[in-house]
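Colleague: Starting off with a structure, shown below.
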Amino acid sequence: MFDFVQLVRNENMKIYRRTRTWIMFGMLLVLTLAISIAAYAFPDGNLPSMWMAFQINTMLGVNLITIFAVIIAAETVAGEFSTGTIKLLLIRPWTRSKILLSKYISLVLFAFLFVLLLLVWNFVLNWLLFGSDTEARMGVDQLPALNFFLQYHGYEFISMIMVVTLSFLVSTVFRSGSFAIGLSIFLLFGGQLLTGILSLMDYPWVKYVLFLNLRLSDYLSGGNMFGRGEHDLTLGFSLSVLAVYYVIFILITWYIFKKRDVAT
Amino acid sequence: MQQLTDEPVVRLQGVTKRIGRRTIIDKLTLDVPQGEVFGFLGPNGSGKTTTIRMMVGLMKLSDGEIIIRGHRISSQFEQAIKHVGAIVENPEMYKYLSGYDNLVHYARMFPGISKQRIDEVIQLVGLKARIHDKVKTYSLGMRQRLGVAQAILHKPALLILDEPTNGLDPAGIRELRDYLRRLAAEEQTSVFVSSHLLSEMELMCDRVAIIQSGKLIDIRQIQRLGSEPAAAEVAFEVDQPSEAALVLSDLQVEHKDNRVVLTADREQIAQINAKLVSAGIKVYGIRLLTKSLEDQFLEVTGGEQIV
């Protein structure tokens with residue numbers, strides 16, 4: 001069939017032509033700028049390393065982007081149902097699977113683009129404010145800072161995609177954007193609490209719970225292993241568990257979307 | 001341009017939709033040939049929209065088949081649907097996009113729709129002045145026009161419109177009607193229109209199917225003035241009905257009160273009138289007694305309640 005890229009362009013248009021998206025973008029830039037300037041203006045003794053500001057800003061920013069991407073994921077399918085535009089979208093010479101795929105790709109692109117912008121913006125901003133620092137070493141393996149943060153945010157991106165895919169699933173299955181947003185955000189933040197409780201129980205299945213395996217970046221930073229308790233988890237194990245969840249999420253989403261009668 | 005063929009553009013064969021244990025649509029069978037404006041008439045809740053949803057693949061069929069240009073909607077969706085342009089219920093567009101961006105959006109989903117074609121369609125539906133405004137600022141009538149624009153972008157062989165006159169003012173209705181008739185006559189597009197507005201259907205369609213409670217009740221040819229071959233019942237209002245009956249005794253005539261009623265075609269009506277006048281009978285009026293579609297519609301559906 002003809003150009004699939006055109007479908008992704010359509011979905012991109014529906015994301016970036018909305019004021020909402022630019023407000024999100026503005027929030028991300030302004031918030032991180034404000035934190036850096038505050039750290040610069042009121043230093044605690046000497047000026048901190050650029051990497052300290054970078055770390056705070058990007059960790060915060062990634063959480064913010066996860067929320068934004070969850071909102072877009074929730075909206076992309078459920079929104080078309082609630083406005084009724086799904087009817088005109090599905091009566092084109094494209095299978096439902098391809099239409100859904102174009103939506104999913106545009107969503108992942110959105111998350112990737114925002115993370116990339118966050119990292120570049122904060123690298124440049126904090127380098128200008130605090131000066132370069134090539135000596136900094138970070139994490140359990142004492143990696144050079146830039147190297148460390150690239151890996152760190154690589155893992156964070158995988159976790160983000162898991163949460164976003166879940167939101168996409170809920171959006172498709174229940175056709176309710178608010179439910180998808182609510183559930184995803186609850187699981188994102190409440191999930192950590194839940195894992196804390198779960199990890200206290202000594203059941204063998206606890207280590208297969210999604211949220212116990214979601215904080216991949218902990219393997220790198222060695223920090224905040226809260227919730228893992230006595231379970232002996234490795235990066236490879238967590239990645240495998242996530243992969244299985246991912247495939248299940250995707251299969252359910254596509255199956256339901258293909259199967260369902262559109263009667264709004 | 002589409003090639004001419006005897007094959008119907010769309011064929012419904014025993015189309016059935018069951019939801020749970022209820023049968024919403026029951027063995028619907030009909031053909032729409034090329035270049036015909038086909039009306040799909042039924043009271044609210046009779047299954048018009050469900051049928052249309054199945055025709056465009058939004059709902060799956062429980063039984064039967066819908067074939068568009070030789071392709072089955074169930075198994076060859078992409079090939080079948082590319083011949084179709086449609087509005088299903090209200091034309092819901094992306095409100096945060098301009099009318100133009102909405103059209104670009106749909107144009108991208110078909111191969112080879114040029115910018116010129118988009119402009120041509122905008123001109124055609126008369127939205128040129130407002131096309132770059134956001135759809136949320138449009139009136140219902142303008143949204144309906146934009147809906148028609150997205151449906152005809154790719155010059156479909158079959159245009160499916162669900163209640164297209166909803167929200168249009170009388171001038172808009174007339175314009176749409178003229179446009180659909182022109183599309184059928186000039187581009188040989190088949191048009192499938194649903195409505196519960198009977199008089200509207202009479203003016204717009206070549207044939208009308210009447211459905212009720214998911215069952216096809218009747219398909220009728222619409223008689224057009226000027227091309228009327230069939231004889232019809234005619235009443236002559238006269239001053240001496242019994243005299244008139246005598247004058248016309250070679251025909252089958254009924255007379256009652258102040259009129260005579262007989263069956264005649266267009267040409268005969270003129271001749272009978274001349275005969276009466278020359279016999280010194282005053283003719284006050286001549287009236288066709290053919291039932292309007294509305295009468296037929298109420299007759300076949302029997303004014304029955306929606307179940």
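Including glycine, each Cβ sits where the backbone N, Cα and C put it.
When I checked TrEMBL for this same protein, it listed these features:
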type: TRANSMEM; residues: A:21-42; note: transmembrane segment
type: TRANSMEM; residues: A:62-83; note: transmembrane segment
type: TRANSMEM; residues: A:104-130; note: transmembrane segment
type: TRANSMEM; residues: A:150-174; note: transmembrane segment
type: TRANSMEM; residues: A:181-201; note: transmembrane segment
type: TRANSMEM; residues: A:235-257; note: transmembrane segment
Colleague: Before we move on, state whether the transmembrane segment (A:21-42) and the transmembrane segment (A:104-130) share at least 3 Cβ pairs under 8 Å, counting only pairs 6 or more apart in sequence.
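Modeller: When sequence-distant Cβ pairs are counted, the transmembrane segment (A:104-130) touches the transmembrane segment (A:21-42), since at least 3 lie under 8 Å.
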Colleague: Which residues of the chain, 6 or more past the ends of the transmembrane segment (A:235-257), have a CB below 8 A from one of its CBs?
Modeller: 77, 96-97, 100, 158, 161-162, 165-166, 168-169, 172-173, 207-208, 210, 213-214, 216, 219
Colleague: Six or more residues out from either end of the transmembrane segment (A:150-174), which same-chain residues have a Cβ under 8 Å from its Cβ atoms?
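Modeller: Residues 58, 62, 65-66, 69-70, 73-78, 100, 103-104, 107-108, 111-112, 115, 119, 139, 143, 180-181, 183-184, 187-188, 210, 214-217, 219-221, 239, 242, 245-246, 249-250, 252-253, 256-257 contact the transmembrane segment (A:150-174) from elsewhere in the chain.
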